Amino acid sequence: MTQAHHDDAGARNALQGGLATDPKHKARIEELAERIEKYRASYYAGHPEISDAAFDALEDELRALDPAHPVLARVGSASLITEWEKARHEIPMGSLNKVVSEDELLGWVARCDEILVKDGHGDGGTGAAPPAPGSISSVAGDLFVAEKLDGISIEVIYKGGKLVDAITRGDGEWGERITANVARMKGIPSRIREKGRLSVRGEIILRLSDMKRHFPGVTSPRNMAAGAAKRFDGQGAEHCTVLFYDVADHLEIPTCRARFAWLRELGFATPQTAHGSVEDVVKLYRRYSSELRAGLDYEIDGLVVYVDSLHVQGLLGDVNRRPRGAVAFKFASPAKVTTVVAIQWDTGPSGRVTPVAIVEPVELAGANVRRASLHNSANVRSLGIGVGDEVLVSRRNDVIPYVEEVVEKRGPVAVPPSVCPVCSAPLVVEGEYLLCRNAACRALIEGRIHNWIDAIGALEWGDKLIEQVVAAGLVREPLDLYKLTVKSIADLDRRGEKSATKCLEQLKSRLPLALPVFLAALGIEGFAIQTARLLVSAGYTTIEKLLAAGEDELAGIPGLGAIKAASIVRGLRARSDEIGRLLAAGIVPVAPEAEGPLAGLTFCFTGAGARPRGELTHLVESSGGRVLNSVTKELNYLVIADVASTSSKAVKARKYGTKLITEDDLDKLIAERRGG
């Protein structure tokens, strides 16, 4: 088995070596190497020109063409351009090899075992012969895992229990001394009980909550953290956090588990960790990919998997300053470089005209991607994107493809349209967006109906049916939904009477609509369900009171503000005729019940559920309960699919003593409190 592995590897290297000498590929290899060096230099100088994903994609392409290329063996950048004082690391800060699949992780474990067997330190887990004294059966059963933080690596030095130095990773040998800024960051103890000299390694990050609160409009926490960490005036550094993961010198600590525990005892914050077998690591990786990662307040791009024993790590050694006993198990990066063949502009349900890049097909996360969103017209200008450009395309959360950046500029910048692609009405510019304001535009009508259906939680109504009733001219505003007949729906393509009856019965079952739901269903910009609840709790318990309210009056409500108040008043006045028609037809909203089985109780929903969020919200509010948007000390119940979940909301809820329940538990709670 081992010999076959080496033979396969030799064959692959021979094939790839042939690619490296093929004239057709030689130019591309040289171009990739030059660009990788350039981007690596800018990355370690603190002003990256492309994202980590784009850099990884270029490295992967070079590795496929020439796996032995010297550029791939380098760590950091040799060309630091900085005005900060340079400082040398006593122990160089290296990097990690990466794996991006479960098979590659298993391959890494197998290689570790092979090395130990070859050097006489293990039996590879075969049990073929009695182990020699002190030998290792296999590393597979003794692995340690930590979150791989997507931040700025740093060495922090303490002497006599005091913080004395903080040096960025730089090129691995030399970094920049930014001690004054690091001292202001969260997670940095100014004093520790260890009185000798101590060098610890950590990562500067910007928590997503801090980014939202202190740097509105910023989209890259890593870039913002890098900028704040190296500002000469230190501004913004206080909002950054440092999480620690390593001790660099002199301590006789036997395992990674003990190392992290010791760091925590000293007062250093660390990323979350786990210990187990390779099977446990794979399960944890899957959980992070599907659930845990999305619930974190900071960005990670994978897990770091260590052989837990530091003695065994030492036996495994390192290659090119990369330890063999640890590996970065990166989340499969659903991003690839491709070429833009066209740019198309689509009018969405809100009236926003969104640019879409039509690209050369690429396989991403199991899907063949030909279209990728460009967000808005301002982003087109910011990217400077045009037809012919080489771009990095990703599938965020393995769902929507986006153009993340221009990797190589080749064509003229795209020019946005001046009229709506659907109805040809003139477009208006509002901030970053191009908007169609034609109320008769088919795209906007569909959008208003979609919003109404989603807000009231009418599960039977799918996208296709909404498109059909709008295209047939049967529906132009929400009131028209309540005028439909079984026959009018059944006559539509592939619709039957049974399906039509279900759709209409569901509409009626949602009546009467709670006032917050009614207001949110109108789809007025800035008028989400939480804002609607805020208004009702402030005493605006009827639609008539709200229609009579002025901007100044609403702006005085805590948590609302002048801008949102103005948007609400404008939106209500613009839709007053439509609201009047709904009221005249008997679709009159009611204030949430002051009494009911859930009166005085608060609920928050998280994760995917068996029923739409709107339906669950309606259930709680019609039973007298209140729905909160986040976990607070005020929350009574967190409704979640798995009450044993370790998501951030679940953890926070347990901390506050909030009870975690399932949707079935919610139904039982209502029945019990009704006395049924």
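Note: Cβ is positioned from N, Cα and C throughout, glycine not excepted.
Quantities reported herein were computed from a predicted structural model and do not represent experimental measurements.
Features of the protein shown, as given by Swiss-Prot:
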type     : residues                                            : note
COMPBIAS : 1-10                                                : compositional bias 'Basic and acidic residues'
REGION   : 1-23                                                : region 'Disordered'
BINDING  : D52, A53, A54, F55, D56, S95, L96, R169, E203, K330 : NAD(+) binding site
ACT_SITE : K148                                                : active site, N6-AMP-lysine intermediate
BINDING  : C420, C423, C436, C441                              : Zn(2+) binding site
DOMAIN   : 593-676                                             : domain 'BRCT'
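Sequence features, as recorded in Swiss-Prot, placed on the structure.
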residue : record                                  : DSSP (3 states)
D52     : NAD(+) binding site                     : helix
L96     : NAD(+) binding site                     : coil
K148    : active site, N6-AMP-lysine intermediate : strand
E203    : NAD(+) binding site                     : strand
C420    : Zn(2+) binding site                     : coil
C436    : Zn(2+) binding site                     : strand
C441    : Zn(2+) binding site                     : coil
Helix-strand-coil residue split for the domain 'BRCT' (593-676), DSSP-based: 31 helix, 12 strand, 41 coil
Rounded distance in angstrom between the Cα atoms of C441 (Zn(2+) binding site) and K148 (active site, N6-AMP-lysine intermediate): 47
Cβ atoms near C436 (Zn(2+) binding site) (within 10 Å, other residues, all chains): 24
Most crowded position, judged by CB atoms within 10 A, among A54, L96, C423 as binding-site residues: A54
Listed in sequence order, residues not in C420, C423, C436, C441 with Cβ within 8 Å of the centre of the Zn(2+) site Cβ atoms: T347, G351, V419, P421, V422, S424, A425, L427, R437, N438, R442, A443, L444
Nearest of the recorded positions (K148, C420, C423, C436) to L96 (NAD(+) binding site) - Cα to Cα: K148
Rounded inter-Cα distance in Å - C420 (Zn(2+) binding site), the residue listed as 'active site, N6-AMP-lysine intermediate': 45
Cα proximity to A54 (NAD(+) binding site), best match among recorded positions K148, C423, C436: K148
PLDDT averaged over every residue in the domain 'BRCT' (593-676): 83
Cβ contacts of D52 (NAD(+) binding site) (under 8 Å, same chain, 6 or more positions away): D150, R222, D301
Inter-residue C-alpha distance, K148 (active site, N6-AMP-lysine intermediate) and C423 (Zn(2+) binding site) (nearest angstrom): 48
Those residues of the chain, 6+ apart, with a Cβ under 8 Å from that of E203 (NAD(+) binding site): L149, G151, I152, S153, I154, V242, L243, F244, Y245, P271
Sparsest-packed among the binding-site residues, when each Cβ's other Cβ atoms within 10 Å are tallied, from C420, C441: C441
Annotated NAD(+) contacts D52, A53, A54, F55, D56, S95, L96, R169, E203, K330, maximal Cα-Cα distance (Å, integer): 21
